[in-house]
Amino acid sequence: MVSPVTVVKSEGPKLVPFFKATCVYFVLWLPTSSPSWFSALIKCLPIFCLWVFLLAHGFSFLGAHSSARKILAGLIFSSLGDAFLIWQEQGYFVHGLLMFAVTHILYSSAFGMKPVNASAGLVVTALSSVSYMLLYPYLSGPFTYLVGVYVALIGFMGWRAIAGLQLANDLWTWTKLSGCLGSVLFIVSDLTIAVNKFCFPVPYSRAIIMATYYAAQMLIALSAVKCHEAEVARKRT
């Protein structure tokens, strides 16, 4: 297995634009009460940088590995979702929800269905069910079923990411760990959005949502480069 230090040396420089764009977002901290195309650009810029991160590995890499293509497509739909959510108070929240639903389908497909890890699936299903039951009394209209479907999709995505880790069998890599952590942070981010929007105000909600969201997307993007592990190891030896 490639060491974390080797991974940082190999992939770190490609992530510098992402970290800079994330800093710009938090430094500017544009008010959400005044949505604009500029604020949409600033919010989406870190995700655009993750597009570039994957593209920097080459079109041949993307062409050879469907999981990397699916994660790139997921990042594109995430950007669309981010843009819609800038105008959520103007009626575009559902549009953003649908874009992120597609994202989770793509990520689930990228993580794959093997190994199954039914025990992890049962745990995630139980936690997802409890989350939806807690949200249900606060939901009305189409959100009653839209949120239910969304919870199922993001829960499925989390299951597929966690299932691949296999810590007990020592069959894990840094990229599988990255995908697992990314999926968990994505769930934390979206759960915070749901509680803050439908239930009650969450203190520092925007900071929590965006910090966990950007970290999640970066980790999931990193999980796409698992195919480079052997290549990096060869170059370092």
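A Cβ is built for glycine as well, from the same backbone N, Cα and C atoms used for every other residue.
Here the transmembrane segment (37-59) has Cβ contacts under 8 Å with residues 14-15, 17-18, 20-22, 24-25, 28, 30, 68, 71-72, 75-76, 78-79, 82-83, 86, 214, 217-218, 221, 224-225, 228 of the same chain, all six or more residues outside its ends. For 37-59 (among others), the entry in TrEMBL reads transmembrane segment.
The transmembrane segment feature in TrEMBL is assigned to 71-87 (among others). Counting same-chain residues at least six beyond the ends of the transmembrane segment (71-87), those with a Cβ under 8 angstroms from any Cβ of the stretch are 32, 35-36, 39-40, 43-44, 47-48, 50-51, 54-55, 62, 93, 95-100, 102-104, 106-107, 110, 217, 220-221, 223-224.
Annotated transmembrane segment per TrEMBL: 93-113 (among others), in sequence order.
As annotated by TrEMBL, transmembrane segment applies to 120-139 (among others).
Residues of the same chain lying 6 or more positions beyond the ends of the transmembrane segment (145-165) and with a Cβ under 8 Å from any Cβ of it are 94, 97, 100-101, 104-105, 107-108, 111-113, 115-117, 120-121, 124-125, 127-128, 131-132, 135, 139, 172, 176-177, 179-180, 182-184, 186-187, 190, 194, 198, 220, 223. Summarising the annotation, TrEMBL assigns transmembrane segment to 145-165 (among others).
Taken from TrEMBL, the feature transmembrane segment covers 177-195 (among others). Panel annotation: around the transmembrane segment (177-195), residues 100, 107, 111, 131, 135, 147, 150, 154-155, 157-158, 160-162, 164-165, 202, 205, 208-210, 212-213, 215-220, 222-223 of the same chain, lying at least six beyond its termini, place a Cβ under 8 Å from a Cβ of the stretch.
For 207-225 (among others), the entry in TrEMBL reads transmembrane segment.
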